[in-house]
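According to TrEMBL, the protein has these features:
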DOMAIN    43-155  domain 'GOLD'
SIGNAL    1-33  signal peptide
TRANSMEM  188-210  transmembrane segment
Amino acid sequence: MSGNAKLRRLVMFQAVLLVVLMLALSNAPVGDAIWLNVPPTGTKCVSEEIQSNVVVLSDYVVVSDDHGHVPTISAKVTSPYGNNLHHKENVTHGQFAFTTQEAGNYLACFWTDSHTRGAGEVSVNIEWKTGIAAKDWESVARKEKIEGVELELRKLEGAVEAIHENLLYLRDREAEMRTTSENTNARVAWFSIMSLGICIVVSGSQIWYLKRYFQKKKLI
């Protein structure tokens, strides 16, 4: 009897844990909404450090109170190595999507077009999604014919995989930074030893020169 009670408690605990995880996933933010005030002159940029093989999806739109005349902007997105991933001019809205090829900071820059300058700042709303947040779960549900709890479990599985990959990426970055720090410390140590050696040699040379000079002058 006690064994059946323990089994029921375990099943109930697992069910409660599943519900909590599903609620946490459903209430979690699916992307970052960013507001930018682009100045009349100059460029306003946003960046995010993303690892490789990650899907990025973003929509941007100019927000204006004057519906009769909406100012236009230009947008450009570049990779950490400077590759051009998206470039549009004279637009009021746009979208870009890509899969990262290298890890690093991805930069999205916006500026006002020449014929709209002088009208003040331009407000731009950006919805930036990466990784699991950029996945089209409706298409996945239709394709695999899943819904309800099974779909939420699939989302949960994807979120866990994304967290695991992010942790691995952070571990690799930490190891890389530790190696760089150790190499820098070793170089600094060798430079200090070389500087000390040069100082000793120069000091010895000066003492030897002064000793010979005083001997020639018969001062010592």
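Cβ from N, Cα, C; glycine included.
Taken residue by residue, the domain 'GOLD' (43-155) breaks down under DSSP into 22 helix, 55 strand, 36 coil.
On the 0 to 100 pLDDT scale, the domain 'GOLD' (43-155) averages 83 in this prediction.
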